[in-house]
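Only one structure is covered here, and it is reproduced in the block below.
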Amino acid sequence: MAIGLSTMLEKTETLLGSDHASVVSMNLFVALLCACIVLGHLLEETRWMNESITALIIGSCTGIVILLISGGKSSRILVFSEDLFFIYLLPPIIFNAGFQVKKKQFFRNFMTIMLFGAIGTLISFVIISLGAKHFFEKMNIGDLTISDYLAIGAIFSATDSVCTLQVLNQDDTPLLYSLVFGEGVVNDATSVVLFNAIQRFDLTNINSTIALEFAGNFFYLFILSTALGVAAGLLSAFVIKKLYIGRHSTDREVALMMLLAYLSYMLAELFHLSSILTVFFCGIVMSHYTWHNVTDKSKVTTKHTFAALSFLAEIFIFLYVGMDALDIEKWDVVRNSPGQSIGVSAILLGLILLGRAAFVFPLSFLSNLTKSSPDEKIDWKKQVTIWWAGLMRGAVSMALAYNQFTTSGHTKVLGNAIMITSTITVVLFSTVVFGLLTKPLVKHLQPSSKRSSTTALQITPGSSFHDPLLNGGSSYEPLLSTQGQSEYTIDQPISLRMFLNTPSRAIHHYWRKFDNAVMRRIFGGRGVSPIVPGSPVETSVRQWSEEAEIKEQNGEP
């Protein structure tokens, strides 16, 4: 009895000690997140050091300190987990990207974005995979299979354009910002879909049947993932429109939007679809329909809540990557062959440069052939900027590399260890070096407009205090609207000749007609939703009428 009690007490002390260590680790990590935010704010003026680079450097310095304190045993305070990344950190980043995207620019350039994001990623995937197989087999770095080489192509095709997007101004360069932003999201989704398809198929003996099944599975995942995201967004719009939850609690509106968005992501994971595509298009649909069905307080709350969650998740990822890069267990295996590790990293960087150039410039040429307006064409300066924007590699590449080459954060196999350490090297080098050079390059190629972007945020007398927050964002933009045309104005019928000459304008025209006549009346949205007593639309109209009546009584215009 005494022995049993003693054993139970020892286990309890171990658990308590483990819990205490976890609490200490989380406290330190939260303190480091605060430091990243404060330092990022102090460096806001120069923008040479964006949040990604700041978090990487702070993480690396912290890793060195922990490595010295632990006597070279570990450099981390948290253990890397693919579930932590894909289930908790990635969803808010991708959803906010869809929720805040300028839909007018995104869908106007949708075909070009898909060319770069889907077809371009496939070209880069092929070049990196073939190049890796050609060079690595000669270097004798270990027993890598054909699936490993294909996985390398998918891993290093995943871009991270955060550095470039932080420098670009979407008001000064809307076309360029839309292309870089849209291509980055579609690229990540394509890379993950490719990676999952590689793991699903036995590619040891590739034949025409397997190739066709692989291609069919790829497009199946793409289409079904997008449809699931759209369906989840429409469901949220319909529920909130019919129930008018905001009459009683704005908190419930915000919570329901967040949970339905996250549910779409988890459903995609459950059915082995592309959760990135699903939650991205869910965000787009929510910003077009659901966002206009909630109260004004919920509109402001959702925009800033989603942005804050995305911001914290990005800093968390880069901070951890910086700390994990110095983990001694990964470097023990490659310590005796540093030349091979450096050579592999250099080859991968070269293949990334080549693979990106192989599709950006040819596909830009093809895209320009379909554009009639010079403003819509991608000149060589924009092409260089787009090429540069996709050279950085980030957390998606890290997570996919861990998934392919290790299951516990480190490995004792030479080939796998070299690929893990080379991925870390490529991510650090591309993010820090290429990231630091991004601002001078973009400043030279894309000089900022003299027009001040603050004019959109000016508050005129008599306007609401919340107008800049509500009208200044992208969430009010219509899906597939065209420049210089009213959002709700139905144009004259488009002839067959005009449809053949400018198909995008014709598609926009018919989409607006369908959206105004059917979709908005069912799912709500701005402008044409029926006014029902007690609904957010009716409340906003009543408040506007009351303000107009007060102005009229006071003799104000």
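Cβ atoms here come from the backbone N, Cα and C positions, even for glycine.
Where the annotation comes from TrEMBL, it is an automatic prediction and has not been curated.
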Where TrEMBL places transmembrane segment among the ranges 20-40, 146-166: 20-40
Long-range neighbours of the transmembrane segment (77-98), counting only residues six or more past its ends (CB under 8 A): 25, 28-29, 62, 66, 181, 185, 188, 261-262, 265-266, 269, 275-276, 279-284, 286-287, 306-307, 309-310, 313-314, 316-317, 320, 323-324, 395-396, 399, 402-403, 409
Range from 20-40, 52-71, 218-240 with most C-beta pairs under 8 A to the transmembrane segment (304-322): 52-71
Best-contacting stretch, by C-beta pairs under 8 Å, relative to the transmembrane segment (342-366) and drawn from 20-40, 110-129, 218-240, 274-292, 417-437: 110-129
The transmembrane segment (52-71) vs the transmembrane segment (110-129): 3 or more CB pairs under 8 Å: no
